[in-house]
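Over in TrEMBL, the protein carries these features:
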type: TRANSMEM; residues: 50-77; note: transmembrane segment
type: TRANSMEM; residues: 89-109; note: transmembrane segment
type: DOMAIN; residues: 125-222; note: domain 'P-type ATPase A'
type: TRANSMEM; residues: 243-265; note: transmembrane segment
type: TRANSMEM; residues: 285-307; note: transmembrane segment
type: TRANSMEM; residues: 623-644; note: transmembrane segment
type: TRANSMEM; residues: 656-672; note: transmembrane segment
type: TRANSMEM; residues: 693-715; note: transmembrane segment
type: TRANSMEM; residues: 727-748; note: transmembrane segment
type: TRANSMEM; residues: 755-777; note: transmembrane segment
type: TRANSMEM; residues: 822-840; note: transmembrane segment
Amino acid sequence: MKRVKERMEIDRHMKDMNNGLNDDEVSLRIQGGYQNKSNKKLEKSTGEIIFHNTFTFFNIILLSIALSFLIFIILLLSMGRGDVVDSHFGFSKFGFLIPAIMNTCVGTYQEISSRKTIRKLRIVTKAKSRVIRMGKEIELNSEDIVIDDLVILAPGEMATADLKVLSGMVYVDESMLTGEADYILKKEGDTILGGSSIMVGDAKAQVIEVGDETYSSKLALKVKSEASHSSELMKDIDKIMKVLTIFLGVVAIVIFVTLIIRVKFQGSDRAIWDNMELSLSNPVAWARIMITAGSYGVSIIPSGLVLTTSVTMMISIASLTKKQTLVQELYSLENLSRADTICLDKTGTLTDGTMILEDVKAYCHLEDVVYHVQNLLGTSENKNSTAMALFNKFGENKDCKIKEIIPFSSQYKYSGIVYENDDRLFLGAPEYLLSKEDSRISIVDRMAKQGKRVIALKLNDDLLCFFIIRDHIRESAKGTLNFFRENNVNVKVISGDNPVTVSKIASDCGISNSDKYISLEGVSLEDIDNYAEEYTVFGRVSPEQKEALVMALQKKNHKVAMTGDGVNDILALRRADSSISFANATEAAKSVSDVILLDNDFSHLKEVVGEGRRVINNVQKTAILFLMKSIAIILLAFFTIPLAKGQMWFTIESSYLLEATVIGTGGFFISISEGSREPFKGSFIRNINMKAILAGLLAAIAIVIPIVCYTIPTYFHKAPIIKAENIRTMITVLLTMAGYVVLLTLCLPFKGQQAFAFLITLVPGLILAFALPTSYIGGNSTGADMFISKEGSLYNSQFFHELFQPWNASVIQNFTSDFKNYIVLGLFFIIMFPVFGQLFKALDIYINNSYDKELTKEQIQMTRDNLFHRQKENG
């Protein structure tokens, strides 16, 4: 985004005020930085998006490990030991970088796509102004206006900068700025804030502030300085990453120390070092130590967890976009689904901004009413929502001859016309058109309690009728609000309008406790804490009070969502845990919102909340699969310390089959399956930690079994149950089998998409196992030597033979030739599946029961607190 020049002092004297600025005066103001452009960015640049998605916490860890491998490779090559590089640092050693690269691409793509959509909306909604320069009227985009420009204002137009009225008189709608629904009279000398809509009248005005110095820009930039909404899910994943990083450091030290000691005192034992003798002066020894430590480090970090979560979120977001809902950032979906309180505005959310004529209380013949109201409407080119309600019922008469138009006055709350015979027709608020002694005026209070407005039509001193008008409630509002009620989401209505009227509308929409309403007019920000939880409907609320209400609810440990469409909403939108705006909202409101409803349909929030809950409930299951491997490797590092070669049996490649099938494929299909849309209980970490530890223990046992079946008999000079050449194969197969046991448990009940998620994991498993068995089953490194034969041709290479004749690979032949391997695998599955399934189910019941007990305690304490506050208020 191009930056605007900083302001400098200039001579703002105008040669001819009536004819506007000349070209030299315009150029001087542009050079001085007085153009109507912002000097601050409200969006990230492409470079910033790429940077933030590349240098994430877990990416830095994986890149550090890869960098350490590269440094060691360079050192070995500088020492002339390319043979060690070829035999120990194959391509497969860097396979762990694939999830990091993919996660960066996914996050970057989503943010850039959202930015592109917002820019399209910005072009569609870009406002223009009519400006007088050198005596000629021209139309300019808002950013081309400069300070002191002479602007022409007419109904239907918008003030694109802060203005001062020079001549004429207009009524403006400042609801986008202040939340106040009434029209405000602006006459000579008055200020019109940028973003105000011109409703009635004509005027000329001078631009007095542009760019970042306008009222709306200052408010938007104040919001920009606040921290953006954070993701609870990412916070929890970051905590997990940090804890695992500590374990990574500890395990790396343990591996280094253990292997250095082993090389120093047992370097001559060829049984440990694959028929080699090693010493600390031998580069091969350090290569083995580095690779072993790196293998454990990479396996501890669940790098694909963030990728799977991001991809799952992006798929859900893409689905929602097709339903006219734009989710601006990946984890915005999650934030909205966690909300237990949602704050709504009346206009645009509960109602669609239009009015309906419900009844006519006539005090004359109805034909007379129709005649006069048609004449009055025929004089108005730009009709507000009240006039449109009458127009839709009665139409208009543009042929009526009149002497004078009486413009609407916010002071007297009426408008009208004067006929040629001097009869005066008025349309407006009864309390201004009738005397206080008139008993008929009591209808105003009665209708207000029913959420309706009363408009009087008066000819001279005779009341012709009352028009009973009500806001049109969105057809989808009741269903959406009913969804929130059923899902235990409290609804608060925050409006700049009369709280009595808003209360009735809230009641008609089915909002619980809508009779608890209060006006915040004159209430200090400090006192709002006392009303936030007690009341449901808040009227006459200022922008600062909206923000204070959100903060007060957050202090009570509520997760707050907020809807808004105006500049007056952006403080609260930024402060809320999740913010929702509309396509027809102001640019400032859209820029700070997590979710934008592209067709302005409030009912889409049900789909967003449901999607968020489904994703998070599924991601909890997926996280167990990822953490299973991490916990298993941590346990393995300590289990195998006393075993002579225990730690070195495990390689990076040993877990690739598990990651590609169970964790990668299975985890992904579980995460996108149609899971539970119920509100999730407790925290993400608490829900998965004990289950992940149980799964990790199972995986660790699976890895240790073949090592123990070889090491212990060998120690007692007996024939090993599992041969040495089959140990890494058995580790890979048993570890993958343990993963399938966990996956099958997570897929229960085994039907529909859950069954598909399990069965589909068998496909990549079979493909990878037979496509390249040396790496994916044998757990051995894949390097350049796999692709080059002694003759120098690919056809005769090991890779080519394994790809087309996998059954002839030595790994598979060694494994299938020993029947004892099948016995070990069969016993493992028969014993572990039912045991793990029962323990997993018991953990699930325990976690749910403990959460319900805590929830009950919280509810009891909340009830006590409420009673205490009420008793305190009542003295």
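Every residue gets a Cβ built from N, Cα and C, even glycine.
Just so you know, TrEMBL annotations are computer predictions that nobody has curated.
The shown structure was predicted, so the numbers you read here are calculated from the model rather than taken from an experiment.
Packing against the transmembrane segment (243-265) from elsewhere in the chain are residues 61, 272, 278-280, 285, 288-289, 292-293, 296-297, 300-302, 630, 633-634, 637-638, 641, 644, 647-648: each is 6 or more residues past its ends and has a CB under 8 Å from a CB in it. Long-range contacts of the transmembrane segment (50-77) within its own chain (CB-CB distance under 8 A, at least 6 residues past either end) are made by residues 44, 84-85, 89, 93-94, 96-97, 100, 103-104, 107-108, 111, 238, 241-242, 245, 248, 283, 286-287, 290, 294, 297-298, 301, 303, 306. Only residues 6 or more beyond the boundaries of the transmembrane segment (285-307), in the same chain, are considered here, and those with a CB under 8 A from a CB of the stretch are 56, 58, 61-62, 65, 68-69, 72, 76, 84, 88-89, 93, 96, 99-100, 102-103, 106, 237, 240-241, 244-245, 247-248, 251-252, 255-256, 259-260, 263, 267, 273, 278-279, 622-623, 626-627, 629-630, 633-634, 636-637, 647-648, 650-652, 654-655, 659, 663-664, 667.
If you count C-beta pairs under 8 angstroms between the transmembrane segment (693-715) and each of 623-644, 656-672, 822-840, the highest count goes to 623-644. Helix, strand and coil content of the domain 'P-type ATPase A' (125-222), in residues and according to DSSP, is 18 helix, 49 strand, 31 coil.
When pLDDT values are averaged over the domain 'P-type ATPase A' (125-222), the model yields 82.
By the Cβ criterion (distance under 8 Å, sequence gap of 6 or more), the transmembrane segment (727-748) is counted as touching the transmembrane segment (623-644), at least 3 such pairs being found. The stretches the transmembrane segment (656-672) and the transmembrane segment (623-644) meet in space: the count of Cβ pairs below 8 angstroms, excluding pairs fewer than 6 apart in sequence, reaches at least three.
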